[in-house]
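**Student:** Annotation comment: Swiss-Prot describes 19-26, 87-91, 141-144 as GTP binding site, evidence class sequence analysis. Here Swiss-Prot flags 10-278 as domain 'tr-type G'.
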Amino acid sequence: MSSRLEREAARRRTFAIISHPDAGKTTLTEKLLLFGGAIQMAGSVKARKAARHATSDWMAMERERGISVTTSVMQFPYRDRVVNLLDTPGHQDFSEDTYRVLTAVDSALVVIDAAKGVEAQTRKLMDVCRMRATPVMTFVNKMDREALHPLDVMADIEQHLQIECAPMTWPIGMGSSFKGTYDLLHKQLHLFSATHGGRIQSGIVIHGADDPQLDEYLGDQAEQLRMDLALLEEAGTPFDEERYLKGELTPVFFGSAINNFGVREMLDMFVEFAPGPQPRPAATRVVEPGEEAFTGVVFKIQANMDKAHRDRMAFLRICSGTFTRGMRLKHHRTGKDVTVANATIFMAQDRTGVEEAFPGDIIGIPNHGTIKIGDTFTESKEVLKFVGIPNFAPEHFRRVRLKNPLKAKQLQKGLEQLAEEGAVQLFRPLVNNDYILGAVGVLQFDVIVARLADEYGVDAVYEGVSTHTARWVYCEDKKIFADFQDYHRGELAVDAEGALAYLAPNPWRLESAMERYPKVEFRTTREIS
């Protein structure tokens, strides 16, 4: 391993932001870019109005290009680290993509609205983090508004996200009486000031809770803070780096993203403690980030919504080695060698051609329909297939009906290609010729119907279907499996890759099937082959 590769890989921090819509994720993302991008590049913080104007111009330009990849991946420098931030879309475009983003990162940041606590979408995404033992940090946002008590917020996180909380900062008051936060690690007081654009005044060093300066700055609230600190000292969970890296414990920060408050402490701790690029399991072995030979895996495909250009962008996570412009790579699923001349890297404020990139970086490769999610690219001829990019059991189902029967072939082609892209899952029942679509979010069905019309000239509609949930089924005992398939034939289907799935009409039917056939596995995820 070259010392440069080792050095560059060690600088990378690749993470995703997880939150429920309206918890302030977009605002926090902008503030992270402000601390990491604008401050580094401009040397000063622009007025917020001007910054907002610049951002909106930038987005308009993106719209003209017809593809909004900038919201998906952003890279920015911070304190000699290179941070790759992956956005998980909000509920409007919630899809399996959101889950798969979490397979491309080494850690995650959960944003929680202090007034609402943990919400449904956050739970689903945390399930994926838990499955992969992903280290998670938590930012409790909107402390400048009326909120739940911080102990209640942490209890909510521990109960619903099944992870222990270690507070790193502690809020002093909330809403109109919000005075700031106390940094438990460095024993510093950060005073909140909604004036000056809410920028942090330098931390005031306090020598423990008995320091008389505490009363000077906080007045009546000093005593409450002392009581809180005594309680945390006695009953709180201290930060443990090892447990954080195992995904067992989350450091918790309190603040107000819109006022830039509490963001810097979290970002400082993030670049210090979050893991760099991690080893990646392949079917035959584990690939270490420091290996000289380049390897990468595609975790997302974004369609170009510009109808004039059918191109798609494949998002590839670099797992090892150095990527350089124009290098020849082996595309393992097709067995072909390809030259990657015009890959893209996504900087905080623009997209640029990649000259070189390192483990942990995300690059975009133009794709004319030949690249699929889960595809592996390598520099060497070694046969390699990265694992761990799953399909998730859909939660919503619709049947697709064709208005013009003569377009059956185009419908099949369109649905197969869209399923390949990961936009939706396609199931073909064993007992009829229906096309059943399964999706994580209902909006995906509208997207599919619109794209069938636009891109494939197919006029189709979708309608309800009596499927409640899907499970991929597997059994080592062939006799039991054959009996199961005979008994449930009317509820079985194959997906786009030929895997057998049980489409349960209701929860009771699924429960009954699982009780009747205990040796059959009913899986909620399936590895993409």
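Using N, Cα and C of the backbone, Cβ positions are placed for all residues, glycine too.
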**Student:** Need the DSSP three-state call for SER19 (GTP binding site) to compare against my parser.
**Tutor:** strand
**Student:** Around the Cβ of LYS25 (GTP binding site), how many other Cβ atoms lie within 10 Å? Please give the count over every shown protein chain.
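**Tutor:** Around the Cβ of LYS25 (GTP binding site), 24 other Cβ atoms lie within 10 Å.
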**Student:** Counting across all protein chains shown, how many other Cβ atoms sit within 10 Å of the Cβ of MET143 (GTP binding site)?
**Tutor:** 28
**Student:** When DSSP is mapped onto helix/strand/coil, what comes out for MET143 (GTP binding site)?
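**Tutor:** MET143 (GTP binding site) sits in coil per DSSP, no helix or strand.
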**Student:** Across the whole of the domain 'tr-type G' (10-278), what does the mean pLDDT come to? Round it, please.
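**Tutor:** Over the domain 'tr-type G' (10-278), the predicted model scores a mean pLDDT of 79.
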**Student:** List the same-chain residues at least 6 positions away in sequence whose Cβ sits under 8 Å from the Cβ of ASP22 (GTP binding site), in sequence order, or say none.
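**Tutor:** Long-range Cβ contacts: ASP113.
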